[in-house]
Amino acid sequence: MASWSVDDPVLDVWRRLRLTAVRHGQSIWNVERRAQGWLGPGLTVLGHRQAAATAAHLAGRTDDVVLSSDLARVVETALPYPVAATTDVRLRELDSGAWAGKPLAEVERAHADEIARIRAGEDVPRGGAERFTDLRARIRSLLAELAAATPPGTERSVLAFTHGGPVRALVAEVLGLPDHRVLADPGNCSLTEVLLWIDTDGSVAAGRLVRYATDDHLTEVS
């Protein structure tokens with residue numbers, strides 16, 4: 001049964017959307033410390049163990065929608081979960097363009113100026129491809145679609161298997177953070193949950209961060 005508290009936003013027609021985002025398990029390129037973006041192979045042996053532990057932890061959920069990025073490392077993370085996920089390209093990682101596949105150390109050496117500008121808060125296209133604002137727009141589009149499909153008087157539950165970038169963009173969007181104020185990368189197979197209140201016109205009226213990058217379910221995984 002859905003809960004209510006005195007600090008919840010008061011809307012003419014009550015409806016909420018609860019979204020739990022799962023970052024993918026450890027990937028081969030995570031270990032090799034390569035820029036991934038839209039490329040890269042799947043999970044390591046540890047990554048598969050993390051995915052299995054996460055599926056076991058999430059077992060018993062009754063989500064209305066289960067979504068997944070279409071990239072290999074996320075598809076493999078979602079596979080152990082008993083409910084098949086629908087792929088959505090909006091859940092892809094930020095496109096790092098020409099940087100994808102290259103060692104991170106090489107990218108930092110060859111593009112020191114761009115990296116410095118990014119760290120200073122400038123939204124530079126990564127590898128000539130996407131900016132953080134582009135990624136955030138993708139997530140905003142997905143949230144708007146999910147919100148509009150939430151019937152009045154209900155709390156809709158969504159489980160989304162995705163990447164670190166979209167998780168950070170999701171939180172930035174829900175909390176209204178400026179683009180240069182993003183949280184630290186969530187760990188592999190960590191869980192982030194947000195709660196959204198939907199207005200009468202189907203738009204997102206307010207949001208709350210319930211938890212960020214929790215990974216207690218992985219304590220026994222090695």
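Cβ atoms here come from the backbone N, Cα and C positions, even for glycine.
The substrate site recorded in TrEMBL comprises Arg23, His24, Gly25, Gln26, Ser27, Ile28, Trp29, Asn30 together with one of Arg15, Arg49, Arg61, Arg73, namely Arg73.
Around Arg23 (substrate binding site), a 10 Å sphere centred on its CB holds 27 further CB atoms from the protein chains shown.
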